[in-house]
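S.K.: So TrEMBL says this about it:
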{"type": "BINDING", "residues": "Gly11, Ser12, Gly13, Lys14, Gly15, Thr16, Arg128, Gly173", "note": "ATP binding site"}
{"type": "REGION", "residues": "31-60", "note": "region 'NMP'"}
{"type": "BINDING", "residues": "Thr32, Arg37, Gln58, Leu59, Ile60, Gly86, Phe87, Pro88, Arg89, Gln93, Arg134, Arg145", "note": "AMP binding site"}
Amino acid sequence: MLNVVIFGAPGSGKGTQSERIVAKYGLNHISTGDVLRAEIKNGTELGKTAKGYIDQGQLIPDELMIDILASVFDSFGESKGVIFDGFPRTIAQAEALKKMLSERGQEVSVMLDLDVPEDELMTRLIKRGQDSGRADDNEETIKKRLQVYHSQTAPLIDWYKNEKKYRHIKGLGTMEGIFADICDAIESV
Ligand code: AMP
């Protein structure tokens, strides 16, 4: 199986590039943000809990996210592989992912770090908020999410370097150019 972690700050293009990876390599896609937004839309208990954190730009507690991830992963059954989009976001989640995959005879094949400068992230997210109306894409919440990214999520770069899974992808340029670099990185593993 080809198990890809697509990593990057909010607004780095993880969702857009994930769709292309899914189309080209036939992987199953787990976007933890999409899972949570669907729960909110359906008015579930999980959705109610998640909304409080998302609206504040904070992360949902690790134990909850890890349970959600395992149940979505197991729902795929036979699969060519999975793209993890928006997970892991903390060291505890990365360790849990490693454990969950190894219990299933699997591992992360590669971690792709979509690297985009901060001013560009801000511009993209504000535009996305205007276009899509996503509630957490407002300036105040974006700033919090970027702080959370730097303090809780960015340490995963060194964690995956240590695992020898890390690939840097320059996240600026055309969508096609970035996708070509992603394909090179995937095909090198
Ligand atoms: P995203 O769509 O990936 O930007 O996620 C939107 C929001 O959902 C984040 O700001 C978090 O509040 C929450 N979220 C998504 N994935 C995770 C995760 N792996 N761990 C904790 N919170 C998450």
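Residue numbering: from 1, along the chain as shown.
Every residue gets a Cβ built from N, Cα and C, even glycine.
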S.K.: Summarise the region 'NMP' (31-60) as counts of helix, strand and coil residues per DSSP.
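M.R.: Here the numbers are 21 helix, 1 strand, 8 coil.
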S.K.: For the binding-site residues listed here, Gly11, Gly13, which shows the highest count of neighbouring CB atoms within 10 A?
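M.R.: That would be Gly11, with the most Cβ atoms nearby.
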S.K.: List those of the binding-site residues Gly11, Ser12, Thr32, Ile60, Phe87, Arg89 whose Cβ lies under 6 Å from any atom of ligand 1, in sequence order, or write none if there are none.
M.R.: Thr32, Ile60, Phe87, Arg89
S.K.: Using CB atoms and a 10 A radius, I'd like the single residue among the binding-site residues Lys14, Arg89, Arg128, Arg134 with the highest neighbour count.
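M.R.: The largest 10 Å Cβ neighbour count belongs to Lys14.
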S.K.: Using a 10 Å cut-off on CB atoms, tell me which of the binding-site residues Gly15, Gly173 is the least crowded.
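M.R.: Fewest other Cβ atoms within 10 Å, among the binding-site residues Gly15, Gly173, is found for Gly173.
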S.K.: Could you tally the C-beta atoms, other than its own, that fall within 10 angstroms of the C-beta of Thr32 (AMP binding site)?
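M.R.: So the number of other Cβ atoms within 10 Å of Thr32 (AMP binding site) is 21.
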S.K.: Please work out the number of neighbouring Cβ atoms within 10 Å of the Cβ of Thr16 (ATP binding site), leaving out its own Cβ.
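M.R.: Its Cβ has 12 other Cβ atoms within 10 Å.
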